[in-house]
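Undergrad: Submitted below is the structure of interest, expressed as C-alpha cells.
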Amino acid sequence: MDPQNYSLVSEFVLHGLCTSRHLQNFFFIFFFGVYVAIMLGNLLILVTVISDPCLHSSPMYFLLGNLAFLDMWLASFATPKMIRDFLSDQKLISFGGCMAQIFFLHFTGGAEMVLLVSMAYDRYVAICKPLHYMTLMSWQTCIRLVLASWVVGFVHSISQVAFTVNLPYCGPNEVDSFFCDLPLVIKLACMDTYVLGIIMISDSGLLSLSCFLLLLISYTVILLAIRQRAAGSTSKALSTCSAHIMVVTLFFGPCIFVYVRPFSRFSVDKLLSVFYTIFTPLLNPIIYTLRNEEMKAAMKKLQNRRVTFQ
C-alpha cells in the first residue's frame, strides 16, 4: 500500500475480557482484589527476604526475592488498565502505550522464564549435590544468574518491539484482548506478517519452549534422585519440587500454547493469557510459602518486630 494513501493508527481499541456489563462489574471487584493480593503477597516476600539475615544470605531465597519483584512488574504491565477499563465504555490505548505493554510483558516474562530455570538449578544442586552447594551456588553465581535473567529478558523484549514498532498500522485497530498481545497486534499491520510470525516463533516460542524443556529435565533428574532416598527424608524435597512444578506448568503452559502458533487464534487464548499475567504472580507467593517453614517463621518474626515497634 502506498504510504501516501493511508493515515497511521495513533491508538488501539481493546476488547477486554468480556462485553457484559454485569460481568464487567463483577470482574472489576474480583481483579481489583486479586491485584491487591498480588502486590501485597509479593511485597511481603520481598520485605521478608531483605529483612531476615538468614534468608537474604541464602541463594534459594535470594532468587525467590527476585521472582517476587518480577511478579509485581508482570502483574502491573496491564492489570491496572484492565481493571480501570471494566468501568469504561471505550477501552482505548495509545500507540506508545501499546508498545510499552509489549515491551514490559516480554521483558518481565523472559526474565522470569530464565529465573525459574536458575531456581531449578538451585534445587538440583541442593538435592543432588548437597556437599558442593555453597561452592556451586556462591554469591557470584547467584548474581550472575539474576543478571543473566534480566539481560535475556531485555534483549528478548527489544527484539520483539524493534520490528513491531516500525510496522505500518493503517486499517483495523481493534485488539481482541485486555492488553496489546503481540500476535494480535502484528496482524493489524498493513502488510504480510507471515515472516514476522516466523520470527516471533523463533524468539518467544523458542525461549519459552527451551526454558520449559530445561525445567522438565532438571525436575526429572531431581525427582529420580529423591526416589532413591529413604522415604522419611524425601517429604520436604518432594514438597518443594511439587510446588516448583506447579508454578512452571501454570506459567509456561499458556505461554507455549499462545506463542508457538501465531498464525491461528482460539477464543480460549484470551483466558489463557490471564494465567501467566495475573494468576501466576498471585499463586507464586502462596505456593512458595505455604509449606516453607523457614519463610513462615521469618514472616512471624517480622510481624513480632512490627508489634514491638508499635
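Every residue gets a Cβ built from N, Cα and C, even glycine.
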Undergrad: Using Swiss-Prot as the source, do ALA162 and VAL260 end up on the same side of the membrane?
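TA: Membrane side for ALA162 and VAL260, as annotated in Swiss-Prot: identical.
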Undergrad: I'd like the Cβ neighbour count for CYS190 (disulfide bond), meaning other Cβ atoms within 10 Å of its Cβ, all protein chains included.
TA: 16
Undergrad: What does DSSP call CYS98 (disulfide bond) in the simple three-state scheme?
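TA: Where CYS98 (disulfide bond) sits, the three-state DSSP reduction gives helix.
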Undergrad: For the topological domain 'Extracellular' (160-196), give the DSSP counts of helix residues, strand residues and coil residues.
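TA: Breakdown, helix to coil: 13 helix, 2 strand, 22 coil.
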Undergrad: Can at least 3 Cβ pairs under 8 A be found between the transmembrane segment (197-220) and the transmembrane segment (102-121), with each pair 6 or more apart in sequence?
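TA: The transmembrane segment (102-121) and the transmembrane segment (197-220): touching, yes.
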Undergrad: Take a look at 26-49, 141-159, 237-259 and tell me which one has the most Cβ pairs under 8 Å to the transmembrane segment (59-80).
TA: 26-49
Undergrad: Is it the case that the transmembrane segment (237-259) and the transmembrane segment (26-49) have 3 or more CB pairs under 8 Å, with pairs at least 6 apart in sequence?
TA: no
